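Have a look at the structure below, then the notes.
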Amino acid sequence: MEDERKNGAYGTPQKYDPTFKGPIYNRGCTDVICCVFLLLAIVGYVAVGIIAWTHGDPRKVIYPTDSRGEFCGQKGTKNENKPYLFYFNIVKCASPLVLLEFQCPTPQICVEKCPDRYLTYLNARSSRDFEYYKQFCVPGFKDNKGVAEVLRDGDCPAVLIPSKPLARRCFPAIHAHKGVLMVGNETTYEDGHGSRKNITDLVEGAKKANGVLEARQLAMRIFEDYTVSWYWIIIGLVIAMAMSLLFIILLRFLAGIMVWVMIIMVILVLGYGIFHCYMEYSRLRGEAGSDVSLVDLGFQTDFRVYLHLRQTWLAFMIILSILEVIIILLLIFLRKRILIAIALIKEASRAVGYVMCSLLYPLVTFFLLCLCIAYWASTAVFLSTSNEAVYKIFDDSSCSLTAKTCNPETFPSSNESRLCPNARCQFAFYGGESGYHRALLGLQIFNAFMFFWLANFVLALGQVTLAGAFASYYWALRKPDDLPAFPLFSAFGRALRYHTGSLAFGALILAIVQIIRVILEYLDQRLKAAENKFAKCLMTCLKCCFWCLEKFIKFLNRNAYIMIAIYGTNFCTSARNAFFLLMRNIIRVAVLDKVTDFLFLLGKLLIVGSVGILAFFFFTHRIRIVQDTAPPLNYYWVPILTVIVGSYLIAHGFFSVYGMCVDTLFLCFCE
């Protein structure tokens, strides 16, 4: 490897130029074709959004639909005061949770409230509960038919079961009237014809529905906790922000100490591990059964059994000893490169101090990503709800016309109705057979692809902007006199004016790989039920390869963007130069990467742990000074977890800027 680098296998090193003073200002536009493609793609994306918003109807997601395709609970309609969907015979649906996505072959109507009592049509007709029962019959029902005709025509349900609303649908409760829906294997009820039907699936579905109801109650309590603790959560996040900034400042003075303390601690921990393994190995000498080999013992589900074998501790001791020797040898041979990494980390802290506004740039990236996510999500919803109502023939008998499409307005007088007297034409699902409806899957894939492309473009824009600002700092001989007045804004302007095409090129390559990974995940889900082991193995290998490819492209793009920010070259040239530069300094790259990874991990653990512990003591009323200030909560872990997750995201945002600064200074140093 060293010989290849010396012989120029990875390109010729950059010659020293005493007149070079940082990012080139006199530069030209790069990768213009990709810029044009991006603009055309954005125009097409906007057109897709307009088409989706024209044909889509998000009400189909919010409101349930009855057998006539009408929405329940929508304002301005005749069902405005009927927000819940009631199923005549929910047993046919197998599981109530399936109803959230598919229609069942049973009449469905919109009702004001779900049934709260157990009644059969036969019993209710001859009692004063019949007026209550009629509200669960089809609209316009008139009691001028016999029992058999009413049940045959699907005018009324055969039985009412106490139900609870879930997602605006009436699902049976587990405990019904007089134990009718007792949890068991053969729980039954009697319908209007006197026949008995097994409803084990109904009971299982009701149990799941009640579990979701309990989850909704939990969500309400969590929401209450947020309403009384939100300002304390914000205070905790502000503390995390201040600690992140303080940690970056302290790295200027403590980076060397922290790195060497870390190395010494690792060596000491491994040394103690070797000592402990030796002591356990000696203690088990002569103990009965301790000399049994691992091969003779075989695999045991209780792993504690292995700790009673001398051979286990001997293996641990050998592994730890090898690691100890490797670390010591690496420390001896790489000590100079470790010193370079420490110097770069210190210099990066100074650079961030001179370009303090760079710490706020992640907010710009976050805002732009939110716009991308919002547009993608809204377009996806409108596309998925732009289907038309499809009506099909449903019949309990063996009618040959079952599942065929029909028109509910003309069906009663059609030939199909005469051929199948018991058939009903009711709403089945949303779909369509036009060219637009056949293209919906392709439009959804295009929507996902454009989301990946634009999101990667936003991230690339942030990386080039930060790299340009920090490169201006590195090449300034007299700091801060030689720095531009607004280095971050200057770098942002150069990136948009000259290198939109290059950023689009890098983002396009990454988006193609990501959309392929999404397609592979989709195919993997479809193949899970298959028994073809070769297909499963091939799919696993493809997923692994494309995951590695995505990681490599992200790494290469990041360094290519730094070269673009410095020299203003196109994407391919910058990627090649960055790759060759990294390969000529591969050992320095590895050392710097691991050292910075450790410092960032240490910083995140320190910030998240400190803020999390403070939040725990505060919200559990264990700090006497502010004991009465903490709000009463249903679950104290709700604000604590929120503070912990928020603190991690804040620390990650600060350290992402710092990491970009380290990488930029490193490439400038290697140049």
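In case you wondered, yes, glycine gets a Cβ from its N, Cα and C as well.
Positions annotated as transmembrane segment by TrEMBL: 30-53 (among others). When Cβ-Cβ distances below 8 Å are used as the criterion, the transmembrane segment (30-53) is approached by residues 375, 378-379, 382-383, 386, 436, 443, 446-447, 450, 453-454, 457, 498-502, 504-505, 508, 564, 568-571 of the same chain, each at least six residues removed from its ends.
Residues 258, 345-346, 348-349, 352-353, 359, 599, 603, 606-608, 610-611, 614-615, 618-619, 630-631, 639, 642-643, 646-647, 650-651, 654-655, 658 of the same chain sit 6 or more residues outside the transmembrane segment (230-251) yet have a Cβ under 8 Å from a Cβ within it. The transmembrane segment annotation in TrEMBL covers 230-251 (among others).
Marked as transmembrane segment by TrEMBL: 257-275 (among others). If one looks beyond the transmembrane segment (257-275) by at least 6 residues along the same chain, the residues whose Cβ comes under 8 Å of a Cβ in the stretch are 251, 316-317, 320-321, 323-324, 327-328, 331, 338, 341-342, 345, 595, 598-599, 602.
Sequence-distant contacts of the transmembrane segment (313-333), counting only residues of its own chain at least 6 positions beyond either end whose CB sits under 8 Å from a CB of the stretch, comprise 263, 266-267, 270-271, 273-274, 277-278, 280-281, 284, 294, 307. For 313-333 (among others), the entry in TrEMBL reads transmembrane segment.
For 353-377 (among others), the entry in TrEMBL reads transmembrane segment.
The transmembrane segment annotation in TrEMBL covers 448-476 (among others).
Residues or ranges marked as transmembrane segment in TrEMBL: 496-520 (among others). Within the same chain, residues 27-38, 445, 448-449, 452-454, 456-457, 459-461, 464, 539, 542-543, 546-547, 549-550, 553-554, 557, 560-561, 564, 568, 570-572, 574-575 sit at least 6 positions outside the transmembrane segment (496-520) and bring their C-beta atoms closer than 8 Å to a C-beta of that stretch.
TrEMBL lists 560-579 (among others) with the feature transmembrane segment.
Look at TrEMBL and you will find 599-621 (among others) tagged as transmembrane segment. Long-range contacts of the transmembrane segment (599-621) within its own chain (CB-CB distance under 8 A, at least 6 residues past either end) are made by residues 229, 232, 236, 239-240, 243-244, 247, 251, 255, 258-259, 262, 345, 627, 630-631, 633, 636, 639-640, 643-644, 647-648, 650-652, 655, 658-659.
Annotation source TrEMBL lists transmembrane segment at 633-655 (among others).
Contact between the transmembrane segment (560-579) and the transmembrane segment (448-476) holds: at least three of their C-beta pairs are under 8 Å, each pair 6 or more apart in sequence.
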